[in-house]
Amino acid sequence: MNIVASPSRSLFRGRAVTFAGIFLVAAGLRSAVTSVSPIMASIEKDVTFTPLTIGLLGMMAPLTFAVVGTLTPLVARRIGLEWTMVAAALFIGLGQILRATAIETTGFLGWSIATMAGIGAANVLLPPLVKRFFPDRISTMSSIYLVVAVASSIVPPYFASPLEQATDWRISIGSWGLIAILAVLPWLGTIYTERGTDLTYEVTHAPGIARRVWTSPTSWAMTLGFAVAAFQTYVMFAWLPAMLQERLGMSAAETGVMLAVYAAITLPMGFFIPRLVARLQSLFTLFALASGFFVIGNLGLWLFPGVATVLWVVITGAGPMLFSITLVMIAFRTTTQAGAVVLSGMVQGVGYALGALGPLLVGIMHGVSNDWTSEYLLIVGVGLLPLISGFILRRKYFADAPRNQADDSSIPV
């Protein structure tokens, strides 16, 4: 199969407003997830949490992403990618602001679900929007939004505790929602500019496209890799501060810095992973490398937590490079926008559903054992699974093409 790409043009020519929309959505994408755990002790003074509810809070993000990920393609077919993104940005922004007003656990969890629903929809929409508006700059735009999204997870935990001490925890977790509210404006501008054109993605009821995606080994290999990344990441976001506080006696501010370091490691990878994914015929090496990071880093945190703690956090934090790999693959391993949306919903919907088990399982185990042996055995074991994905993805097939149809195309990067 040969894909004819759109002629290359300037990154901003005729699409600067859309670029701003993608940039701002990415900038507000992950703050709601990483801004809470460093100051959980302060939040608990006003809102009661148990180890189980903390585990549920950590599980809530990937579980909501899973549910919304499967529904977003259906919504986008009805109202279009752009209007769906407007709704997602509003859910992200307003959800964070209203969560900060909660006085009970149910309110806090409820507004967290609304926020995560917006994030889950935006996660699914970004890859096909890049494919639609920047077909000649897929690698470049993927690098930009992935790097910005990683940065949005780094800044909140670093400033969460200082901001809470200067004001209070409500301002600390609520202020990040303003970025997503601001993102609505360029998307409204894009809709105005695109008026008169079809704002929905290509017809997805083309014969067999959903079936081909959902039965493709390529799709399931990508989903497994994404699931492992989600499992590992949300376990760390929910439990890394508690692990370090209980085992090493670190303060909330110190564990906030560690969480920021963990989140920051994939930042530089966002600059080169999209180009590697575009150029490599076999991705086994990248998946094996990610697996090695998960296993080595977590073994270090388990067996030698007080020795070179930062090093183990850095190594473990490199493992979620799988997020970038699989998200970029959505654009490169599909032939149409329709296929990209279906594959994005599948990879993120199923992947987050499996990843959601991580924080909950760790919470249950820790409530029973009160040490970290069984928890780390689980985390390390899951870290080996990307090897399976890498083996399947050693050949370059399209997820939405007829079975065994390999890619012999050249796509601009």
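Quick reminder: no glycine exception, Cβ is built from N, Cα and C everywhere.
Quick look at what TrEMBL lists:
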DOMAIN    16-398  domain 'Major facilitator superfamily (MFS) profile'
TRANSMEM  56-76  transmembrane segment
TRANSMEM  83-102  transmembrane segment
TRANSMEM  108-126  transmembrane segment
TRANSMEM  138-159  transmembrane segment
TRANSMEM  171-192  transmembrane segment
TRANSMEM  220-240  transmembrane segment
TRANSMEM  252-271  transmembrane segment
TRANSMEM  283-304  transmembrane segment
TRANSMEM  310-332  transmembrane segment
TRANSMEM  339-364  transmembrane segment
TRANSMEM  376-393  transmembrane segment
Do the transmembrane segment (220-240) and the transmembrane segment (56-76) share at least 3 Cβ pairs closer than 8 Å, excluding pairs fewer than 6 residues apart in sequence? yes
Test the contact criterion for the transmembrane segment (310-332) and the transmembrane segment (56-76): 3 or more CB pairs under 8 Å, pairs 6 or more apart in sequence, then answer yes or no. no
Same-chain residues at least 6 beyond the ends of the transmembrane segment (252-271) whose Cβ lies under 8 Å from its Cβ atoms: 30, 34, 37-39, 41-42, 143, 146-147, 150-151, 153-155, 157-158, 160-162, 236-237, 240-241, 244-245, 309-310, 313-314, 316-318, 320-321, 323-324
For the transmembrane segment (339-364), the candidate among 83-102, 108-126, 138-159, 171-192, 376-393 having the most Cβ pairs under 8 Å is 108-126
Restricting to CB pairs under 8 Å, which listed stretch, 83-102, 108-126, 138-159, 171-192, is in contact most with the transmembrane segment (56-76)? 108-126
Find the member of 83-102, 108-126, 138-159 that has more C-beta pairs under 8 Å to the transmembrane segment (171-192) than any other listed stretch. 83-102
